[in-house]
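Here is the structure we will look at, set down as structure tokens.
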Amino acid sequence: MGYSRILGTGSFLPSQVLTNAQLAERVETSDEWIVSRTGIRARHIADEGHKTSDLALRAAQAAIASAGIDKGEIDLIIVATTTPDMVFPSTACILQEKLGLPGVQAFDVQAVCAGFVYALTTANAYIKSGLAKKALVVGAEIMSRVLDWDDRRTCVLFGDGAGAVVLGESDEPGILHAKLAADGRYQGLLNTPAQISGGKIQGIPYLHMDGPAVFKFAVKSLSEIATATLAEAGVEQASLDWLVPHQANLRIIESTAKHLGLPMDKVVVTLPEQGNTSAASIPLALDVAVRDGRIRRGQTVMLEGIGGGFAWGAVLLTF
């Protein structure tokens, strides 16, 4: 049984930027209120005509170019998203068509903000088992479409974007260890409860979140799974070069870093400029740090995140 490693990274952000000051013109809030509670200063918003697959395509093309491979070498496409183009088919199938890769196995993973670590773990298993050789793994979201823009508790938090990696076969370990978890008992704390029935949308079509409860659970669960992932991989905390966390809340990120004994200058933070982009946030942050030279080949990196469900997980890798 072989290994897998990341061959290339890519990302895409819509050009439209929505600042806290602009939001304050719409709802009762302020830049100070948002920054003090979340760390967010701005977020990117997709154009009205764009779909999740459009953002995914741009990130995928960048990752393929970064990997230095021909797109025809890709034999698996996984898209992590909670804002698909449509109910079905999968956004991965739509992306496959846009990439011009007919016949390549393609499917979506839905674990909300933990979607990318779930998708990357799945792609790693496919490659290690011989079911794929080169996988395109994408996290893409247009969260702005599921927000109630009159609810200041949630509309200030999220943004749109996409990030991607190409994962390929390797003789040396790249993905060192992955650990996933979920607990459906907490589904009511973070959800979008709408469904289609009888030709109509039934239920509330906007994101709902019990912020304090989510914060409390996230701090505890992320610290525990990050520690367990290192222990099960046999890697000391001191050997960890970078933490690339889901970009949800600066205080949650700081808590996990403190638990791991990492200074914040070893944590990739894109939250202030991008907000919470759900499944896209981890690959977006990873690509930023790869492109600016912070994350380099041979370094030990942990990716971790939590989303509605709750579902959470961590991936430890050598970049």
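Every residue, even glycine, has its Cβ placed from backbone N, Cα and C.
Model, not experiment: these values are computed from the prediction.
Sequence-distant contacts of Cys113 (active site), defined by Cβ-Cβ distance under 8 angstroms and a gap of at least six in the same chain, are His246, Ala248, Asn276, Ser278, Ala279, Ser281, Gly305, Ile306, Gly307, Gly308. Annotation comment: Swiss-Prot describes Cys113 (among others) as active site.
The active site feature in Swiss-Prot is assigned to His246 (among others); the stated evidence is sequence analysis. Around His246 (active site), taking its Cβ as the centre, 33 other Cβ atoms fall within 10 Å, counting all chains.
DSSP classifies Asn276 (active site) as strand under the three-state reduction. Positions annotated as active site by Swiss-Prot: Asn276 (among others).
Here Swiss-Prot flags 247-251 as region 'ACP-binding', drawing on sequence analysis. Only residues 6 or more beyond the boundaries of the region 'ACP-binding' (247-251), in the same chain, are considered here, and those with a CB under 8 A from a CB of the stretch are 38-40, 113, 157, 215, 218, 269-272, 274-277, 281-282, 284-285, 305-306.
When the region 'ACP-binding' (247-251) is classified with DSSP, helix, strand and coil residues number 2 helix, 0 strand, 3 coil. Residue density at Asn276 (active site): 23 other Cβ atoms are found within 10 A of its Cβ, drawing on all protein chains shown.
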